[in-house]
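Here the structure is laid out as structure tokens; the discussion comes afterwards.
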Amino acid sequence: MLNLIKLPQVFTINQVPKVFHEDGIITGYRHPCSSAKDCVLSLFQLTNETLNIWTHFLPTWFFLWKLLTVVLVQDDWQDPFTWPLLVFLLSCCVYPLASSCAHTFSTMSERARHICFFFDYGALSFYSLGSAITYSSYSFPDKWVNSTFHKYYVPIAVVNSVISTALACYSRLGLPFFQYNYHSIKRFSGKLDQKLCKRLRIIAFVYPYLFDNIPLFYRIFVCAGEGCTVNEASAVHYQHTSLAVFTGFLFATHLPERLAPGSFDYIGHSHQLFHVFAIIGTYFQMTAIELDMAARKQWLHAHLPPITLSETAGAAFFSVGKTPRRPPPKKPSNNQKDPVGVYCRVRPLGADDEECCIEVISNTTIQLHAPDGLKANRNGEFKETQYSFKKVFGIKTSQRELFEDVAKPLVEDLVHCKNGLLFTYGVTGSGKTHTMTGSPGQGGLLPRSLDMIFNSIGPYQAKRYVFKPDDKNGMEVQNQVDALLDRQKRDSQTTVPKTPTTRRVDPEFADMISPEEACKADGVDEDSSYSVFVSYIEIYNNYIYDLLEETPFDPIKPKPPQSKILREDQNHNMYVAGCTEVEVKSTEEAFEVFWRGQKKRRIANTQLNRESSRSHSVFIVKLAQAPLDADGDNVLQDKNQVNVSQLCLVDLAGSERTSRTRAEGSRLREAGNINQSLMTLRTCIEVLRENQMCGTNKMVPYRDSKVTHLFKNYFDGEGKVRMVVCVNPKADDYEETLLVMRFAEMTQEVEVARPVDRPICGFAAGRRQRNQAFKEELTRRLEERGGPVDGEFPTVLNQLLQSFPSLPPCEISGPNDDVTLPRLIEALEKRHKIRQMMIEEYNKTANMLKSVLQEQDSNILSKENFIQEQRGKLGEKDKMIQNQKNEIDRLEKKSKMLEYKIDILQKTTNIYEEDKRSLQQELESREQRLQRELSEKRRMESRMQGMVTDAKLKWEKECERRVNAKQLEMQNKLWVKDEKLKQLKAIVTEGKTENRQPQRPSREKDKVPPKRSASPSPVPSPYNGSQSSLSSLEPIYNFSQTVRSDPHFPRPGSVSVASCISEWEQGVPQSRRQGSQSPPDSRKRAQGLPNSLSRRRGRCWAREVPVQPADVDLEETAHWTGPPVRPLHRRSHSAGGERWVDHKPTSNVDLDTVLQPNIPHAIRVNAPNEKALSKCDKYVLTHQEVASDGEIQTKLIKGEVFKTRGGGQSVQFTDIETLKQENPVAAR
């Protein structure tokens, strides 16, 4: 499509005005008055600005995607802590976009060029300001945090941004850069020195960078020791600094185009490299800032003030129009950590179980040994392993001893406003539920914890409904009237059972705890009022159900229970929304509520446990505590003074293998969800351990399971965490128990922050006791005076009236009765005197009580002053202790880091040592191989020398034989000529001397021996070196039936074929035998043989191709004939198979080897004869000789038998096989 668009023309440096010139760039300039369309089209045309535009335009979208990811995908952008990061990401989007736009539209005109680069300079200054804001918030060294330089760092960076922008604009246009008109440009554009402009522009860019990076330079180059903030971000800061220095070097020097002007006009000039390395450096800078932000978040929250507009200089833009989420209340910093307390309890071995795989070594160590059957199956792979715990409880440990060591400290912390988490973990059937709940007579951890709570706070409990849950994981305090109304409403509901005033015993948990085993916590605050709330939930198939929820029963259409959801309260603690919380006032009532929920819990019968828990149960005990008012009579009506602590008792379902439980259907799904939740718990523990030991900041996957999500606050430092690992010692559970032990060992290495103490109320101590003493004293005084006691006013009033003198009879007999009225007046006067005396005594007592109270008040004031002084001293001591603890923590971290480095170095050393050993072994093996090769080479040299000697002797014999044969041939030719001459002479002289017989001259040299030593040479035939044509080269031997009558000729069997073959091999040149090729069929058969058949017991077969000798004479009767007769109708091979003549001379030696020639259907002869050859198709000769290495080798010389024209038999040799013995050492 671009081919249809006409691209703008490209110019050289001499064709454009001077203001558009670039140092060292000669070609590739655009038109100085381009239109906006031409500028956009130049993006797709190669000019000297094309790569400048694209190298900043493409990264803009990457940084924009990063910004949108934080804003739209993540929820943390509403937190003010992330606002500086958003400012930096926005600056990373603005400055490459402004740069690409400036380079795109800079050729529209001279004025447009200046305006575009002014915006480019402003964007760079904004990027510098964003870097300063993020450095101030995340990357400042610990030593400089909250210092004077830190306080004024961002304001100075703002001023530097303004100054650098103005200086960069001045370097391009001069002072009137703020007046954009044509005449000012014309007037001032030529006045500035180009070198000065360049220097000013470099200063404008370098100065803000140097100032912004002062904290980093100090942190990574200067600082040493404490407070230097050494983390994984330091290495990335190094990389960013190196790239920034290289980028500034390219911008200042213009090195490529200065070295070779015109060579880098389009690709590779300094400004393009400047863009590329600047973007890469920005990426490393962003990565380092994110690492600092993640690694130092908690520390910065504790030491930095809240982020404000004056400190971020633009972060408030992200909060306009939307109120940010209220940050969580700042928790007091506490660097003290405690490891997770892991205990182990071993249940007794069952009656049906015989073999035990667990042995208690000590009170802190157990030993696992694999059962015998498992060892037999695994070849003894498993070894005895030992695992250590905080404490190990054997089979004889009572429930009380377990409670004293495990749960009692958590209950004491609960009373003192601290949270706690206790859960049991183990395989199914290991005794977890028994440990948590217990049985009659052996109460578990849960009933004993409830009993201890109520024994401790029993006298100080508030009336029912004084504390009321607010459905948001908090507590409200009601006044006496509202609490009374709620109690009356509860009493009117007959469905809700009232708490009995007397101690009622339920038969289901009657004997859980004996009275002599009751215990109570120490240090209970008597000036506070308490209330206990319990809730009971279960997590079934990763859904949360309320076991205390009352649902109406519908027999027609039963309604399934509704699952609950997890929510986060204002303190970022997790809770179950809509969960029923029941206020209980006694141990019996609390356990009755627990038992009511326990009946709803899901259990099932499996192959391993008759009552197997199919869900995780969580029993939550909340203790609401509020101080009494100044009078010590009522609860203080202030919600902020209410402290709520909770103790979670968790009975985790046991992990199980479906192959053992044989679960199906819903049981199988339950087992899968149980194992998945336990696996998530294991994963969370592993990540926490890795973060603490290696200093990483990986995200803990709490949300993958409801169990871990509900209790994530405990692992983040909201309370103590303890785990009881229950194990079954039977051998069938060995593998599952081994996994449980490994998980428990790993859990012990996780540390949880120690919970901090809650603030103490400012009222004077002993308010309840003073109020109680006042009531007792008042009651005693009233008893002494006969006054009302405990509100029994009518009875006391009657007793008081009875103490007065009795009134006389008041019946008047008549008007003149003067006795009755005086007696009545006298009685009333006595009563009046008694009343006056009582009033006077009451006033004296009241005055005395007032003086006593005033004296007590003065004493209290003096004591309070003394307490304030002691508190001041205690605060100073606490500060000293805190400083020492911080120093100890720093040294511990440093020691851990050094230990980690030592471990890494040790592992590296071990790796290098292993590599060294492997290289040494390889070197030794190569030396041995080299020695073997040298010895083999020497042996081969000696062997080759022997072969050369043998070949030399053979050639000498061959030469001598050929010379003799040539002489004989010439003599025969000469004799033939003589005979012809004689015959010619006889014909000529026939008429003259008719009766004369010709006589041969008697010459010694013309004498011909009676027999020839060699038969005539065969008729030569053409030979092609590329093909193995044996039909033209194979000798044909004729065994004739006629025998010459020469007496000197021996009998047929006197000459052996072996001797003939030896003479034949010696008569053929060595080069012809070596150069001859085997027939294709024989080569294929040789290649098709497996290697394993070629060597047996030091003996190998070698296959040779026979080569035709020049002259071979097998017998006296043998003579050379023409081609053999090949009848068209030969005997079929399928008519009985091929038959062989097996010729084995009597001189052969029996070698007693494994491999022996075995030819079926063969006629074995010691010498060849006509009768045997006429019956067979094949002929084989077994020939033995001594090889060059001194070993005996056997040759099988094979041939085919044909009939000759004269009626005899001939053998055509086709193949030679060699059976040779070799030295086994040399063969390798």
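Quick reminder: no glycine exception, Cβ is built from N, Cα and C everywhere.
TrEMBL has this to say about the protein:
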type: TRANSMEM; residues: 53-73; note: transmembrane segment
type: TRANSMEM; residues: 85-105; note: transmembrane segment
type: BINDING; residues: His103, His271, His275; note: Zn(2+) binding site
type: TRANSMEM; residues: 117-140; note: transmembrane segment
type: TRANSMEM; residues: 152-178; note: transmembrane segment
type: TRANSMEM; residues: 199-218; note: transmembrane segment
type: REGION; residues: 320-339; note: region 'Disordered'
type: DOMAIN; residues: 339-750; note: domain 'Kinesin motor'
type: BINDING; residues: Gly426, Val427, Thr428, Gly429, Ser430, Gly431, Lys432, Thr433; note: ATP binding site
type: REGION; residues: 988-1030; note: region 'Disordered'
type: REGION; residues: 1065-1096; note: region 'Disordered'
type: REGION; residues: 1123-1145; note: region 'Disordered'
Can you tell me which parts of the same chain pack against the transmembrane segment (53-73), counting only residues 6+ beyond its ends and a CB-CB cutoff under 8 A?
43, 82, 85-86, 89-90, 92-93, 96-97, 99-100, 103-104, 272, 275-276, 279, 282, 286
Across all the protein chains here, work out how many other Cβ atoms are within 10 Å of the Cβ of His275 (Zn(2+) binding site).
23
Proximity of the transmembrane segment (199-218) to the transmembrane segment (117-140), 3+ C-beta pairs under 8 angstroms:
yes
Counting only residues 6 or more past its boundaries, what in the same chain has a CB within less than 8 Å of a CB in the transmembrane segment (85-105)?
36, 39-40, 42-43, 49, 52-54, 56-57, 59-60, 63-64, 66-67, 70-71, 77, 112, 116-117, 119-120, 122-124, 126-127, 129-131, 133-134, 137-138, 275, 279, 282, 286, 289-290, 293, 312, 314-315, 318
For the domain 'Kinesin motor' (339-750), what's the mean pLDDT in this predicted model?
82
Roughly how many Å lie between the Cα atoms of Thr433 (ATP binding site) and His275 (Zn(2+) binding site), rounded to a whole value?
67
CB contacts for Ser430 (ATP binding site) [other CB atoms within 10 A, all chains]:
28
In sequence order, what residues of the same chain, 6+ apart, have a Cβ less than 8 Å from the Cβ of His271 (Zn(2+) binding site)?
Glu22, Asn52, Phe251
C-alpha of Lys432 (ATP binding site) to C-alpha of His103 (Zn(2+) binding site): distance in Å?
73
Spatial separation of His275 (Zn(2+) binding site) from Thr428 (ATP binding site) - C-alpha basis, Å:
64
Taking the centroid of the Cβ atoms of His103, His271, His275 (Zn(2+) site), which other same-chain residues have Cβ within 8 Å of it?
Glu49, Leu51, Asn52, Ile53, Thr55, His56, Ser99, Gln272, Phe274
In whole Å, how far is His275 (Zn(2+) binding site) from Gly429 (ATP binding site) when you measure between their Cα atoms?
68
Count of other CB atoms lying within 10 Å of the CB belonging to Gly426 (ATP binding site):
26
What whole-number Å value do you get for the CA-CA distance of His103 (Zn(2+) binding site) and Gly426 (ATP binding site)?
68
Using Cα coordinates, what distance in whole Å links Ser430 (ATP binding site) and His275 (Zn(2+) binding site)?
67
